[in-house]
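According to TrEMBL, the features are:
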BINDING   A:GLY57, A:ALA58, A:SER59, A:ASP63, A:ILE89, A:GLY167, A:ASP172  ATP binding site
DOMAIN    A:53-233  domain 'tRNA(Ile)-lysidine/2-thiocytidine synthase N-terminal'
DOMAIN    A:369-400  domain 'Cytoplasmic tRNA 2-thiolation protein 1 C-terminal'
Amino acid sequence: MAPTLCAMCKTQRALIKRPKNHAKLCKACFITIFEDEVHHTITSSNLFFPGEKVAIGASGGKDSTVLASVLKTLNERHGYGLDLVLLSIDEGIKGYRDDSLETVKRNALQYEMPLKIVGYDELYGWTMDQVVETIGKKGNCTYCGVFRRQALDRGAKMLGIKHVVTGHNADDVAETVLMNLLRGDLSRLSRSTSIVTGDSGSEVKRSKPLKYSYEKEIVLYAHHKKLDYFSTECIYSPEAFRGSARSLIKQLERVRPSAILDIVRSGEDMSRLVPRESSSSCGGCKTTPVASAPAVEDDIGGCGSRNGRTPGGEMAAMDKQLIENEAYERLEIDVASTMARNKATQNEKPKDIPIRNGGSKAATRQVLGNCKRCGYMSSHDICQACTLLEGLNKNRPQIQI
Amino acid sequence: MSAAATQAPPAVPAVQTIPITVDFSGGLEMLFSNRRHHSLDVPAADDEGKKSNIGFLVRHLCSTALKDPRTDLFVLDHHIRPGILVLINDADWELEGEEAYELQPGDNILFVSTLHGG
């Protein structure tokens, strides 16, 4: 078989077939276009401002390593003027995190970025190994996910940084869209599709510049640029709901590679149908800060791309679920009534629905406050981390004596 | 078993095995004795006498090199698990005919999992 030539430069041998459009590209053109597309995502959504200090949530895995590499490249090439820092979380899982943290330390040298590591032990007094010792493997991802979300924010705060970028890719977003669709959780579905989560109301904003990048291309980018990354599975990771959604996405990709971006786009379109808080709750609450729920509650299932949101048996998780269900039940009615209203008033123009919610917050009735115990931003009196910690600390004496 | 059959008769084509290198990364090395790089001589033809292709190589790897019981992390329904990238001499196997690609001496086949976290 004669080698296929690159569709862009027409001189080099094509080595990559792009999942989104089947374009056949050589290594150099692929690397260029991958970077250009991330640049486009960044500029079209005004992700950064000049001089901004940005922390890259770095695990040592492929996604965050590629993110760090691409951001360094683009920052220099296009003069973003960003001050980039690597921020890593040490969950305290022996034989898993130790090795990946070594990778992050090498990345810090390779990319000449300062590195900050914050440990669960210093933040919460518990390592994940100790948590698992106490509660068992079932449901531990809930703890890890809640702890990590706060840990990244707290680490950023320690560094005086207000923006954390994470390596979530298109496959991750598609997976989350599917999961929320399968759970009937339109509200969270809406939030999960935003490129920026957390807004002026929250202290630390989060964004995912690789939101439109295929996992396949991320791996190929890392391979062809010979990036140093670490891959292993969390030793406590269960193959739960997220795992099934993941397999489904990968199988769909095999049959129809564009499916992944199509799911992301469908998610974005659906999120426009979800009523915002202004239309669903009190009309005069403009001044009340509404919980920027993403910063508090999203990604509760843990490590984004890996761990399932486990339906473990803990009371805390159950309680929370019940409270959420109640809240969402009301929203369901709101969705229906809003749609009905739309239909009644503007029958002829069904497309006339709110456009592009961008980084704006989704429908939620929770009001933002601070945890009474740790002071961290929370929509409840006691934040999730403190609730979980309370349960853990109650059990601690039994184990240590 | 086929090794014994192909050794004796001189009538068969000169090359009975094909030397290739196989690499595993992205977490797949865990399934293959924790080794990333493998140099192998694979039979030049499959049981039906057809030239060995990637599909045959995958079956061959499963029966010879895959030591881990979690075979479904590598193969599902007799095919490479979706989410694992295959590169043939650094080129996406989709450009080379996927499972039908016939192995050439000196080929490097890389299996990269995208399924592990980042």
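Cβ atoms here come from the backbone N, Cα and C positions, even for glycine.
Location within the structure of each feature annotated in TrEMBL.
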residue: A:GLY57; record: ATP binding site; Cβ within 10 Å: 25
residue: A:ALA58; record: ATP binding site; Cβ within 10 Å: 31
residue: A:SER59; record: ATP binding site; Cβ within 10 Å: 27
residue: A:ASP63; record: ATP binding site; Cβ within 10 Å: 29
residue: A:ILE89; record: ATP binding site; Cβ within 10 Å: 26
residue: A:GLY167; record: ATP binding site; Cβ within 10 Å: 27
residue: A:ASP172; record: ATP binding site; Cβ within 10 Å: 28
Three-state secondary structure, A:ILE89 (ATP binding site) (per DSSP): strand
Composition by DSSP (helix, strand, coil) of residues within the domain 'Cytoplasmic tRNA 2-thiolation protein 1 C-terminal' (A:369-400): 17 helix, 4 strand, 11 coil
Chain B, Cβ under 8 Å: which of the binding-site residues A:SER59, A:GLY167, A:ASP172 qualify: A:SER59, A:GLY167
Mean predicted confidence [pLDDT] for the domain 'tRNA(Ile)-lysidine/2-thiocytidine synthase N-terminal' (A:53-233): 90
Maximal Cα-Cα distance (Å) across residues annotated as binding ATP, namely A:GLY57, A:ALA58, A:SER59, A:ASP63, A:ILE89, A:GLY167, A:ASP172: 20
Collapsed DSSP category at A:GLY57 (ATP binding site): strand
Secondary-structure category, per DSSP, in which A:ASP172 (ATP binding site) falls: helix
